[in-house]
Structure formats: structure tokens, C-alpha cells
């Protein structure tokens, strides 16, 4: 008698991918965080797209758009909370993924590690823009702190802040 998980065509695909996966026996749960990063990224993109459908750049109506999403949009409250908490979960998985790389000495593969560092900077820049740009004045503090950090870069700091924000003070909605 054959086992159904090895003979049925559809169940065999799931069996080969999850149960009888040809992977080394020394892989621990630390190796799951790369996959979790992908899941978190997909959730962030999808919820961000749906939230952007109700985006308002006017500072007078920005907070009203948030309440509109939570009250009037079907499962809008869930979209908002998934997007906010998904960002936190994304960065938790990201830092655990980096920690796993440090623990197992992956920094010795310099090309791969440098690509990871570039991706980390790109993720942080994207998260900053996603945090600062929408909904007007909700993130003055974050924009001010990061603007001051950019200003501290030698030689190019002043020009960089002028180019990004137009000056040291952040005012009104930045997406108009």
C-alpha cells in the first residue's frame, strides 16, 4: 500500500516542498527569516496599494482620510493595522536575518554581504519615504530627526538637505 502523500499528484508537490524537502539537517529555524521577509514585503505592498487608493495630500483633510479608511472602507481598519504592524514585523525579520548572517559568518562572502548592505540601505530609505511622505504632519518628528542626520554628513550635508526638503524645516504635506 502506497502512502497518499507520495502517490497523489497534487499532494506530492506539497510533500516534496515541505515534508521531504532535500535540505541539510543542520538548518535551523534561523533560516526562515528570509522567507518571512518576502511574505512581509508582499503584505506591505498590497496593503500599501489599497491604502494609497484613499490617500489625501491636503494637510487639512489628512486625518479625516485616516478616519475614513478605518470607518467607511470595508476592512479598512484591518488594512491600516496590517500595514503598520507589518512594517514592524518586516524590520524585526530583517534584523534577525542580519543577526543570523553575523552568527554564521556570512560576512566572509563579501559580494553577497555587500549586496545585502545595499539592500538594507535601500529598505531603510524606502521606509523613511513611506513614513514621512503620506498624511501630512503626522511624522514631523521623524522627518526632522532624519533631516538633521543628513545635515551632519560632511561636505555634502547642507546641499543634500536643500535638495531633499528645501531646507532644515519640514512643513505641510510633502506629496502634493
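Glycine is no exception: its Cβ is also placed from the backbone N, Cα and C atoms.
Taken from Swiss-Prot, the feature transmembrane segment covers 33-53 (among others).
Under the heading transmembrane segment, Swiss-Prot lists 77-98 (among others), citing similarity to another entry as support.
The heme b b562 binding site annotation in Swiss-Prot covers 83 and rests on similarity to another entry. Counting every protein chain shown, 19 other Cβ atoms lie within 10 Å of the Cβ of residue 83 (heme b b562 binding site).
Taking Cβ-Cβ distances under 8 Å and a sequence gap of 6 or more within the same chain, the neighbours of residue 97 (heme b b566 binding site) are 33, 34, 37. Residues or ranges marked as heme b b566 binding site by Swiss-Prot: 97.
Feature annotation from Swiss-Prot assigns transmembrane segment to 113-133 (among others); the stated evidence is similarity to another entry.
Outside the transmembrane segment (77-98), and at least 6 residues removed from its termini, the chain residues within Cβ reach (under 8 Å) are 30, 33-34, 36-37, 40-41, 43-44, 47-48, 50-51, 66, 69-71, 116, 120, 123, 127, 130.
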